Structure formats: structure tokens, C-alpha cells
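These come from Swiss-Prot:
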| type | residues | note |
| --- | --- | --- |
| ACT_SITE | E80 | active site |
| ACT_SITE | D108 | active site |
| SITE | R195 | site 'Important for efficient shutoff activity and nuclear localization' |
| SITE | K198 | site 'Important for efficient shutoff activity and nuclear localization' |
| SITE | R199 | site 'Important for efficient shutoff activity and nuclear localization' |
| SITE | K202 | site 'Important for efficient shutoff activity' |
| SITE | K203 | site 'Important for efficient shutoff activity' |
| SITE | K206 | site 'Important for efficient shutoff activity' |
Amino acid sequence: MEDFVRQCFNPMIVELAEKAMKEYGEDLKIETNKFAAICTHLEVCFMYSDFHFINERGESIIVESGDPNALLKHRFEIIEGRDRTMAWTVVNSICNTTGAEKPKFLPDLYDYKENRFIEIGVTRREVHIYYLEKANKIKSEKTHIHIFSFTGEEMATKADYTLDEESRARIKTRLFTIRQEMASRGLWDSFVSPREAKRQLKKDLKSQEQCAGLPTKVSHRTSPALKTLEPMWMDSNRTATLRASFLKCPKK
């Protein structure tokens with residue numbers, strides 16, 4: 001699974017996921033499913049935000065990468081992916097600037113057009129079950145919830161899906177492709193079922209013991225499917241900005 005994640009996702013997303021797991025004391029070598037889930041969630045958050053801007057008239061517009069316009073403002077503020085201290089600093093700044101009610105839990109995004117925080121969910125289960133779990137945890141009508149599944153289903157607060165159909169279809173297609181690629185490598189069942197994941201981990205550990213000391217040959221080739229799977233959605237200028245702000249090392 002770890003190899004799949006490193007081949008499948010944008011390097012910046014992998015780096016952010018590693019940082020997040022380290023912050024919470026989790027070992028990505030053991031919690032490989034969580035590593036994959038975090039990367040998937042991060043990518044959906046970035047895809048949700050990318051190419052969406054607010055023009056000088058306050059209208060929401062879509063601008064593809066490479067169309068420069070200094071008067072445009074990003075519609076969404078990305079909170080997910082930042083360390084907790086910085087994330088809360090961003091949330092507090094948004095609340096002070098916009099007058100929005102401070103959420104009890106860290107949300108994933110802030111929508112400057114609708115003036116609301118957004119909680120993004122990506123589930124391997126039924127969307128309505130995961131939606132209810134999120135709603136019960138957040139207990140706030142102010143935070144908008146939007147859930148996506150790997151089967152193309154989605155559910156949002158008051159059936160308000162925020163994004164246009166094409167943008168949402170892009171996210172659904174990406175999730176479905178990830179599922180198909182996992183399945184083709186025999187990874188999907190263990191990703192869905194914790195019990196299956198434990199069984200697979202024991203099997204892997206046992207096979208590692210049996211193979212200890214044997215010469216190994218590692219292939220670094222990328223399959224044609226994974227070449228097309230690699231996301232090309234990120235705005236290159238914004239990628240550089242995000243990398244600088246999200247991955248900045250604290251001064252000693």
C-alpha cells in the first residue's frame with residue numbers, strides 16, 4: 001500500500017500526509033491504510049479548492065491553470081494539511097475578518113463566497129452513515145458538510161453541493177480511479193475492511209520473515225495506468241505557494 005500511495009499521489013500531498021501522521025505519533029509503515037486515507041482526503045480538499053476564484057464583483061468563477069488575473073481571489077481557504085497550531089491561527093484569522101462563528105473542531109476549508117466553513121468527508125462506506133457521524137461529531141449548523149464516496153455517491157448539508165457538477169465529477173472520477181487501481185493490486189479489500197487489513201499485515205510480516213536474508217530486486221518502473229493516474233489538476237503557481245506555506249520548517 002505504501003508503494004502504491006507514493007506512486008499514486010502528488011509528492012506534496014504525500015509529504016503533508018507524512019507530516020500529519022508524524023504529528024500524531026502514527027507510523028505510516030504500519031498504518032498504511034490510514035496513510036492512503038489521509039492522502040486521498042488531502043487530494044479531495046485540494047481538488048475542491050483548485051481553479052475556483054472570486055472576481056472583483058464578488059462572483060464565483062472557474063479559471064483553469066495558466067490564466068493569470070491579479071484581481072482574482074481564491075474562493076476557498078485550505079485549512080486541512082496545516083499543522084494544528086497554524087490551522088487554528090488561520091481559522092481565528094478568518095473568524096476575526098469575516099465574523100464567522102468559530103468551530104469547535106478544525107474544518108477542512110473556508111468558502112469566502114458562501115461565508116462558511118466546510119468539512120470534507122471521503123468514505124469507504126455508505127455516504128449517509130458517514131454524513132450522520134460527521135454531523136453528530138460537529139454538532140453545528142454553521143459548518144457545511146460534504147461527503148464523497150469511492151462509488152461516485154455524495155451527500156451534502158441541505159443538498160447544497162457548493163461546486164458545479166463538472167468540478168464534483170472530477171473528484172468522483174479520481175476517487176473511482178483510485179479504487180480501481182487499488183483493486184487491481186489486491187489492496188482494496190484490506191483498505192475497506194480493518195479485519196482484512198490486519199490479516200494482510202500478519203501475512204506480510206510472515207512473508208517478510210520467510211524472505212529475510214534472501215536477495216531482493218526492486219522495480220522502480222511506473223505502470224502506464226499509474227502514469228495516467230497521477231493527478232495533473234494542481235495549479236503550478238498555487239502548488240509552489242502551498243508548499244511554501246504548508247511545509248515551512250519552524251525556525252530553531
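Quick reminder: no glycine exception, Cβ is built from N, Cα and C everywhere.
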Around D108 (active site), how many other C-beta atoms are within 10 angstroms of its C-beta?
24
Compile a sequence-ordered list of residues in the same chain as E80 (active site), six or more apart from it, whose Cβ lies below 8 A from its Cβ; state 'none' when nothing qualifies.
H41, L42, C45, A87, L106, D108, L109, I120
Reduced DSSP assignment, D108 (active site):
coil
Reduce the DSSP letter at E80 (active site) to three states and note it down.
coil
